[in-house]
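*Asks:* The structure that follows is given in the form of C-alpha cells.
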Amino acid sequence: MSAKYIMAIDEGTTSTRTIIFNHAGQKVADAQKEFPQYFPQPGWVEHDATEIWNAVSSTIANVLIDANIKPNQIEAIGITNQRETTVVWDKQTGLPIYNAIVWQSRQTAPLAEQLIADGMGDLIHRHTGLVTDAYFSATKIRWILDHVDGAQKRAERGELLFGTIDTWLVWKLTGGETHVTDYTNASRTMLFNIHDLQWDQTILNLLNIPAAMLPEVRSNSEIYGTTKDYLLYGSQIPISGMAGDQQAALFGQMAFEPGMVKNTYGTGAFTVMNLGEQPQLSDHNLLTTIAYGLDGNINYALEGSIFVAGSALQWLRDGMQLIESAPESESLAQQSHNHNEVYVVPAFTGLGAPYWDSETRGAVFGLTRGTTRADFVKATLQSLAYQSRDVIDTMKNDANITMPTLMVDGGAARNNWLMQFQADISNVKIIRAADLETTALGAAFLAGLAVGYWQDLDELKSIHQTGNVFQPRMAAPQRANLYQGWQAAVKAAQLFKHTPIDAQSSTN
C-alpha cells in the first residue's frame with residue numbers, strides 16, 4: 001500500500017511554497033516559486049493574482065515530481081496565505097478586474113483616515129476587533145470598486161467576487177465551483193463581526209460594499225471542495241484546511257492553550273497570543289482576531305502586526321546591496337562590537353502595532369564616521385527585535401500576563417544572533433520551532449484533521465518537536481538603555497513625517 005501524505009500550499013507575499021508532510025508531521029518535499037510585486041506609486045504594493053495562481057500550479061506539479069509522489073497519495077490539501085491582500089474578479093471569466101492590493105499597501109490610507117474622521121473607528125473596533133487601517137481588506141475593496149469603471153454596478157448585480165488569497169486559490173483549484181473563506185481570513189477584512197461570526201451589514205453599508213460579492217465563511221478544518229481532475233492528473237483531492245498565515249503558524253506551534261504566544265518572522269513579524277474562547281478587545285492598539293474555529297468552537301487571539309521584518313533584510317540585499325543573502329546578516333552582526341548607537345527604523349510602509357502610523361517613513365539614527373557595514377546590518381536586525389518587544393510589552397499590558405516564553409518561527413528565526421538579541425532585549429526565553437515552516441505545517445494539520453489523517457489535537461501534540469532555546473543574558477541596565485534609544489528613534493522618525501517634502505520634485 002502506498003504511503004499517504006498531506007499537501008500544504010503556503011502562499012506568501014513574495015513567493016509560493018507547496019510542501020508535502022508525512023504522518024509524523026515531517027516535511028517530505030517542497031517546491032518554491034517567487035513572483036513579482038508591483039509598486040505603481042510610492043507606498044503602493046500590488047500583485048498580479050494570475051501570477052500567484054501560476055506560481056501555485058507550478059509548485060504543486062514540481063513538488064509531486066521531485067518527491068516522486070502520485071496525486072492519489074495526497075489525502076488532503078491545506079491552504080495558508082498572506083492575509084488581507086484583496087482580489088476582485090469576474091465571476092464568469094475568472095479574471096481579476098484589477099491587481100491584487102497587498103496587505104502592505106498604503107494606497108487606501110485616505111479612506112481609512114476618513115472613516116476615523118467620521119467617528120467610525122470605535123464601531124469598527126467593537127465589531128471586528130481591528131483598528132481602522134488601510135492594512136485590512138475593506139478599504140481595498142472600496143478602492144477597487146471606485147477606480148475600475150463600472151465595478152460598483154457590476155458588484156451590485158452579482159457579477160464580481162471578492163476574496164483574500166485563500167478564497168482565490170480555492171476558487172481556482174475547484175474550477176470556480178467554490179467561493180469560500182475561513183474564520184481567520186474573514187476576521188482580517190475589517191468587514192467580519194467576530195462576535196456573531198457574520199459579515200457585518202453595518203460596515204458593509206458604511207462602505208457601500210455589496211454582500212453578494214463576499215464568500216461564505218467556514219471553519220478552519222472541513223472539506224470545502226475538491227480539486228478539478230484536470231489540475232492534478234485526474235485526482236480529485238479534498239481541500240480541507242485553511243487559515244491565514246499567522247493563525248496557521250499559531251496552530252502549527254501547538255499554541256492550543258490560552259496565554260500561549262508565538263512570533264513569526266516573515267516579510268513582516270507577527271506576535272499572536274491565544275486568548276481562548278472569549279474575545280478581549282485591546283486597550284493599546286493590538287488586534288483582536290480569530291485564532292481558529294474547530295468543531296463549532298472559536299478560539300480568539302490577540303495580535304501585534306509589524307509591517308517590516310524579513311523585508312528589511314531584502315532591502316539590505318536588493319536595495320542597499322549591503323549583503324548578498326539574508327544568512328550573511330548573522331555573520332556581519334557578530335562582527336559589530338559595541339556599536340549599538342545606530343538605530344534603523346524600517347517604517348518603509350508606515351509603522352504597525354502598537355503605533356498604527358501610516359505616514360512615518362524609514363529612518364536611520366546615530367551614524368558616525370566610524371559606522372561600518374556590519375554596524376548598519378546589525379542595527380537593521382536589531383530593529384526586528386525592538387519592534388517585536390514593542391508588541392510583547394503591549395501584549396503583556398493588555399492581557400495582564402508575564403509571558404516568560406515566546407515560540408518563534410519563520411525565515412528570519414534561523415538567525416541565531418537575532419534570536420539571542422530578541423531574548424535579551426525582551427527578557428523572555430525564546431523557543432525556536434524544530435521546523436521553521438510552522439505556517440505550512442499548521443495548514444497541513446487543519447487539513448489532515450478534517451479527513452481523519454490525524455485524529456485530534458492530542459495526536460498532534462504527540463508528534464510536536466521544538467528546536468533551540470535562547471535564554472536572556474543581557475544585564476537589565478543595558479537592556480533598558482538600548483530600548484530607550486529605540487523609543488527615541490521612533491519618536492524622531494515620527495517627528496520627521498511632519499516636514500513638508502515633495503518626494504516627486506526634481507532637482508534638475
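Cβ atoms are placed via backbone N, Cα and C, with glycine included.
Note that this is a predicted model, so its numbers are computed, not measured.
Feature annotation from Swiss-Prot assigns sn-glycerol 3-phosphate binding site to T13, R83, E84, Y135, D245; the stated evidence is sequence analysis. Per Swiss-Prot, the feature ADP binding site maps to T13, R17, T267, G310, G411, N415. Among the features that Swiss-Prot reports, ATP binding site is placed at T13, T14, S15, T267, G310, Q314, G411. According to Swiss-Prot, the feature glycerol binding site maps to R83, E84, Y135, D245, Q246, an assignment based on sequence analysis.
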*Asks:* Report, in whole Å, the straight Cα-to-Cα distance of T267 (ADP binding site) from E84 (sn-glycerol 3-phosphate binding site).
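*Replies:* T267 (ADP binding site) has its Cα 14 Å from the Cα of E84 (sn-glycerol 3-phosphate binding site).
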*Asks:* Who sits close to N415 (ADP binding site): which same-chain residues at least 6 apart have their Cβ under 8 Å from its Cβ?
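*Replies:* Expected: A326, P327, S329, E330, A333, L381.
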*Asks:* In angstrom units, rounded to an integer, how far apart are the Cα atoms of Q246 (glycerol binding site) and R83 (sn-glycerol 3-phosphate binding site)?
*Replies:* 8
*Asks:* Cα distance, Q314 (ATP binding site) to G411 (ADP binding site), nearest Å?
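*Replies:* One finds 12 Å between the Cα atoms of these residues.
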*Asks:* Select the closest residue to Y135 (sn-glycerol 3-phosphate binding site) from the following binding-site residues, measuring between CA atoms: T14, S15, R17, Q314.
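*Replies:* Checking each of T14, S15, R17, Q314 against Y135 (sn-glycerol 3-phosphate binding site), the shortest Cα distance is to T14.
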*Asks:* Cβ atoms within 10 Å, counted per site: which of G310, G411 has the most, among these binding-site residues?
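*Replies:* It comes out as G310.
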*Asks:* List which of the binding-site residues R83, D245, T267, G310 have their Cα within 10 Å of the Cα of T14 (ATP binding site), in sequence order.
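*Replies:* Those near T14 (ATP binding site) - Cα within 10 Å - are T267, in sequence order.
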*Asks:* Write out, in the order they occur in the sequence, the residues of the chain not among R83, E84, Y135, D245, Q246 that have a C-beta within 8 Å of the mean position of the C-beta atoms of the recorded glycerol site.
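*Replies:* Other same-chain residues near the glycerol site: Q82, T85, W103, R188, G244, F270, S305.
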*Asks:* Give me the non-local Cβ neighbours of R17 (ADP binding site): same chain, 6+ apart in sequence, Cβ-Cβ under 8 Å, ordered along the sequence.
*Replies:* I9, D10, D30, A31, Q32, T59, E437, A440
*Asks:* Need this for a regression test: binding-site residues T13, D245, Q314, filtered to those with Cα within 10 Å of T267 (ADP binding site). What's left?
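*Replies:* For T267 (ADP binding site), the binding-site residues whose Cα atoms are within 10 Å come to T13, Q314.
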*Asks:* According to DSSP, does T267 (ADP binding site) sit in a helix, a strand, or coil?
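*Replies:* Assignment for T267 (ADP binding site) reads coil.
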*Asks:* If you measure G310 (ADP binding site) to R83 (sn-glycerol 3-phosphate binding site) at Cα, how many Å is it?
*Replies:* 16
*Asks:* What kind of secondary structure is R17 (ADP binding site) part of, going by DSSP in three states?
*Replies:* strand
*Asks:* How many Å separate the two farthest-apart Cα atoms among the glycerol-binding residues R83, E84, Y135, D245, Q246?
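*Replies:* This binding site's residues have a maximal Cα-Cα distance of 15 Å.
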